[in-house]
Every structure is written in C-alpha cells, then in structure tokens.
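Since the structure comes first, as structure tokens, the remarks are kept for the end.
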C-alpha cells in the first residue's frame with residue numbers, strides 16, 4: 001500500500017495554475033465612422049474634402065507669406081494702397097501659392113492612388129523653412145539690386161536645393177531602408193512626433209492671429225465650440241457640427257469680418273491692421289495671372 005502511494009505521487013504532477021490571458025481587444029475610438037468601412041454620400045464627401053482643403057490652405061499660404069518678403073518681393077516695392085492689386089509682391093506671392101497648391105494636388109492624387117491611399121492632403125512642409133531662410137540670406141544674393149531678378153535667382157537656388165535634398169528621401173523610399181526603420185516605431189514614438197509637429201505650427205499661426213485679434217480669437221473660440229461642446233449638448237446620431245466645424249466657424253467669422261470691413265471699422269486704422277483685418281486688402285486673387 002505504501003509503495004503504491006509513492007508511485008502515485010511521482011507520476012501525477014501538481015495541477016498548473018491557469019495562465020494569465022491578455023485583455024480582450026477593445027475599440028479605442030467608439031462611435032467613429034471610418035471612411036473605408038462606411039463611406040459618406042458624395043455631397044458630404046465633397047464638403048469634407050473642401051473643409052480639408054481649407055485646413056491645409058491656411059498652412060500653405062503661411063509659407064509664401066513669410067518667405068516672399070524676404071526674397072525681394074516685400075511690401076517696400078510699392079505704396080500699400082495705390083498698387084494693392086497689381087504689385088510685384090502680391091503677384092509673386094500668388095505665383096508661389098499657386099505652385100504650392102498645384103504640387104500639393106499632384107502629390108495628393110499620387111498618394112491616394114498609388115501610395116498609402118490614406119485620405120490625407122500632401123501640403124507644404126515647415127521642416128525646410130530654416131534652411132530655406134538660410135538660402136535667402138546667403139551673401140551671393142545681397143548685391144542684387146533689382147527685386148525681380150533677386151526673387152528669381154533665390155527661387156532657383158531654393159528649387160535646386162530641394163531637388164537635391166529630395167534625392168535622399170527617394171533613395172530611402174525605393175531602397176526599402178525606411179521599411180526596416182519603421183518596424184522600430186511604435187505608437188509611443190509616433191504620438192510625440194505628431195504632437196510636436198502640430199505644436200511647431202503654433203510658432204507660425206499665433207503671430208498671424210495676433211495681427212488681428214478681433215478676428216482670430218472668435219475663430220478659435222467658435223472652432224472649439226462647434227467641435228468640442230455642441231456635439232455633447234445635442235447628442236444626435238448625425239455628427240454634423242463636429243464633422244464640419246471648420247466650415248461653420250470660417251463662414252461665420254468671414255461674414256463677421258466682412259461686416260466690419262463694410263461698416264468702416266478699420267477706416268482710420270494703420271496699414272498693418274487694414275492688411276490683416278480687412279477682407280478686401282489681400283489682393284492675391286486679383287494679382288494672380
């Protein structure tokens with residue numbers, strides 16, 4: 001009897017504890033409609049695309065606004081109001097904006113048809129701004145007196161530098177090296193990158209807002225109200241206000257700014273205030289060829 005008990009004790013191992021199971025996968029963004037699985041109807045898709053265009057238009061226009069005056073096409077070339085529609089400054093700025101929008105459109109079509117096919121607009125990058133400014137301030141351009149000639153030569157220098165710099169990205173993309181680097185990227189590293197990229201835009205956006213605080217501040221407040229507060233108050237199934245927050249806020253603030261312009265609120269204000277606050281002082285559309 002004792003032998004049998006000993007044999008039994010050696011043959012039957014103690015029962016294992018249940019292994020810890022990982023938590024089941026949960027939806028991180030409940031209630032979000034994905035364009036891939038639930039595409040919106042065409043009218044709504046066109047409005048969303050136009051809203052996306054408005055968002056990228058602001059950041060695209062900021063690049064020529066800050067660079068063109070330093071390249072020889074500044075406001076010093078003519079009197080502010082006597083040639084507001086056909087000045088060299090506005091024509092060069094219009095040409096640069098047109099070029100950026102055209103190239104952004106071509107890149108967006110290539111990205112959505114042959115690239116990652118994400119619904120993202122490819123716009124201008126602020127990564128190249130410091131190096132572009134260093135080219136603008138180069139000593140070889142300081143002796144050029146003619147603003148038109150100076151602008152053209154600086155633009156050619158910038159274009160050549162961008163072409164050379166882009167070859168590195170082309171090599172990384174087509175060689176497959178970036179694929180190996182992307183394996184080591186996780187959300188923990190991607191989120192700070194995207195956040196810092198967004199925070200970097202404040203450096204360019206808020207100084208422009210401060211030029212006309214009575215227009216810029218209501219735009220930010222309305223954008224926050226439409227996107228963050230009204231959806232919680234209405235609690236409807238259709239996400240209208242948060243989905244079209246940019247269109248709603250821009251239309252309302254533009255009408256408000258136009259009423260101030262027509263009403264003569266800036267009739268006796270300084271030139272910088274009139275350029276920043278009035279809705280009829282941009283001159284970019286009138287100066288574009």
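Backbone N, Cα and C define each Cβ position, glycine as well.
Because TrEMBL annotations are produced automatically, they should be read as predictions rather than curated entries.
Per TrEMBL, compositional bias 'Gly residues' is recorded for 1-11. What TrEMBL lists as region 'Disordered' is 1-23. According to TrEMBL, the transmembrane segment annotation covers 96-114, 120-139, 160-178, 184-205, 212-231, 243-266.
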Original post:
Hey, which bits of the same chain come close to the transmembrane segment (96-114), Cβ under 8 Å, at least six residues off its ends?
Top reply: 56-57, 60-61, 63-64, 67-68, 120-124, 284, 288
Original post:
Which listed range (120-139, 184-205, 212-231, 243-266) shows the maximal number of Cβ pairs under 8 Å with respect to the transmembrane segment (160-178)?
Top reply: 120-139
Subject >> Spatial neighbours of the transmembrane segment (184-205) far in sequence, C-beta under 8 Å, 6+ residues away >> reply: 58-59, 62, 66, 126
Subject >> Long-range neighbours of the transmembrane segment (212-231), counting only residues six or more past its ends (CB under 8 A) >> reply: 239, 241-242, 244-246, 248-250, 252-253, 256-257, 260, 273, 276-277
